[in-house]
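**Q** First, the structure itself, so that you have it in front of you.
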Amino acid sequence: MNLVGSYAHHHHHHHHHHHPHPAHPMLHEPFLFGPASRCHQERPYFQSWLLSPADAAPDFPAGGPPPTTAVRAAAASYGPDARPGQSPGRLEALGGRLGRRKGSGPKKERRRTESINSAFAELRECIPNVPADTKLSKIKTLRLATSYIAYLMDVLAKDAQAGDPEAFKAELKKADGGRESKRKRELQQHEGFPPALGPGEKRD
């Protein structure tokens, strides 16, 4: 173009410190605004493609669907039923097997946990001198039960009379309990039987 050529020509003279051409001050203006005017002419095409894809969709090649069609298809596959609280049919079908497995897992785990807690509650009831308002952890319950079993075995070995539960001291910080006397009576009734079966009772 003449514009670029004239600019290069005058810029060459200016670089070598020749006396400036009278038209030189005007060259910067067409050089700066010339490309801008060309970009301004090309910009509407980019705007129509970037900012309004719905309008530009018919111009896409026939090899693939326009984006708007793909979006409509994706929306239709989930449909208006995809509200909170309602699963789309496709997702429900895909996650059905896993969902059933997950659903049965927590129920089974919950039953197992309830069974364990029930067994620990029964075990706590068997330990004497534990206040009714005392909450024992599972590990503490096991340790107290183990020590109580050891105590009972020791009682049998020593051939004690009726195995007085007062001799067993549950290692707790709280010493008093409302149901303590009831437990003592129950244990005294139960304790009357095991010593009779002990190995030291067989005497001639």
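Backbone N, Cα and C define each Cβ position, glycine as well.
What Swiss-Prot lists as region 'Disordered' is 1-24, 57-115, 172-204. Among the features that Swiss-Prot reports, compositional bias 'Basic residues' is placed at 8-22, 98-110. Sequence annotations record features per position, and here Swiss-Prot assigns domain 'bHLH' to 100-152 based on sequence analysis. Per Swiss-Prot, the feature phosphothreonine maps to Thr113. The annotation phosphoserine is assigned in Swiss-Prot to Ser115 on the grounds of similarity to another entry.
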**Q** Do you know the DSSP helix, strand and coil residue counts for the domain 'bHLH' (100-152)?
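**A** Going by DSSP assignments, the domain 'bHLH' (100-152) contains 42 helix, 0 strand, 11 coil.
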**Q** I'd like the Cβ neighbour count for Thr113 (phosphothreonine), meaning other Cβ atoms within 10 Å of its Cβ, all protein chains included.
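**A** Summing over all protein chains shown, Thr113 (phosphothreonine) has 10 other Cβ atoms within 10 Å.
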**Q** For Ser115 (phosphoserine), just count the other CB atoms lying within 10 A of its CB, please.
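**A** 10, counting other Cβ atoms within 10 Å of Ser115 (phosphoserine).
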